[in-house]
């Protein structure tokens, strides 16, 4: 009689001698979770376990069942996950009008270029035309001229809101997205021949409000967003340079009487971590010889913080060609970024180290895209409401 085959080989079981009473081998434990046991897991314990998962895993769980989808956005779970999980990466997002399919991302935590952000993540349905206007607190805001509306979207959560223009047509300037823990506001100005009108959309009431100014208020750079500081948006005016601010609650404009440094050739404002900063070129006859950074002090004065090293300053000024209207600034995770529409690199100042750096050009950026480049700070946040 032939021996039985196991896996193509003869089994040796029949040749093993029997000594004493045979003991039954223990049944190997199943690797599968017994639904009868795990279905009785207390809700509080389940939430505690899920709160320890990485954010990316949580996003994948949303499609598992309705309970997980509702749980991820419940206030108690948000509180647990925010305290238990590690912070998500932060990015510098590059936008160009000719970028139809994807957007390059630079991971500022890992200091490396990451995979492109697909257009489908930014816009569920591609419109005939669009432009990226502003980012804040995990939200992005786009203009959709074909539908006369703005789109506010949380890329991480996949949620969005379409907001109609307040008037038609709507030629706006200095557009700024301002976020708070409970919502956000959209700010834009429309300058006429006799007055400046400010439009503010409040997500808490889902309404636009219009505030008319007494006099036309010229803004130095219409593409530069306002710097949010103490509930107001701060802007600079053309020469002779001055600072104006708009109170987001009262809707009033005010001109600052704080004296600015001498021999300024251009000025930009940026805010971050509850502080207001000013970046400006210093020189004569409209030509900058140096670039300096100031901080607004508690006593109401501008205090010089740092000056750009000479060699870096020469490169920056050659990039601008002394056309400072192309220069804009923004805040990104403890960095003050200084950019130019005609240059693919970013000059930034790291507050904690008090050092200046250049962020190299994106290796995937075509050479013909040397003009019209706009950078944004993008810090994904799952629970930012739209």
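Quick reminder: no glycine exception, Cβ is built from N, Cα and C everywhere.
Of the listed segments 1-33, 34-66, TrEMBL assigns region 'Disordered' to 1-33.
On the 0 to 100 pLDDT scale, the domain 'F-box' (35-81) averages 69 in the predicted structure.
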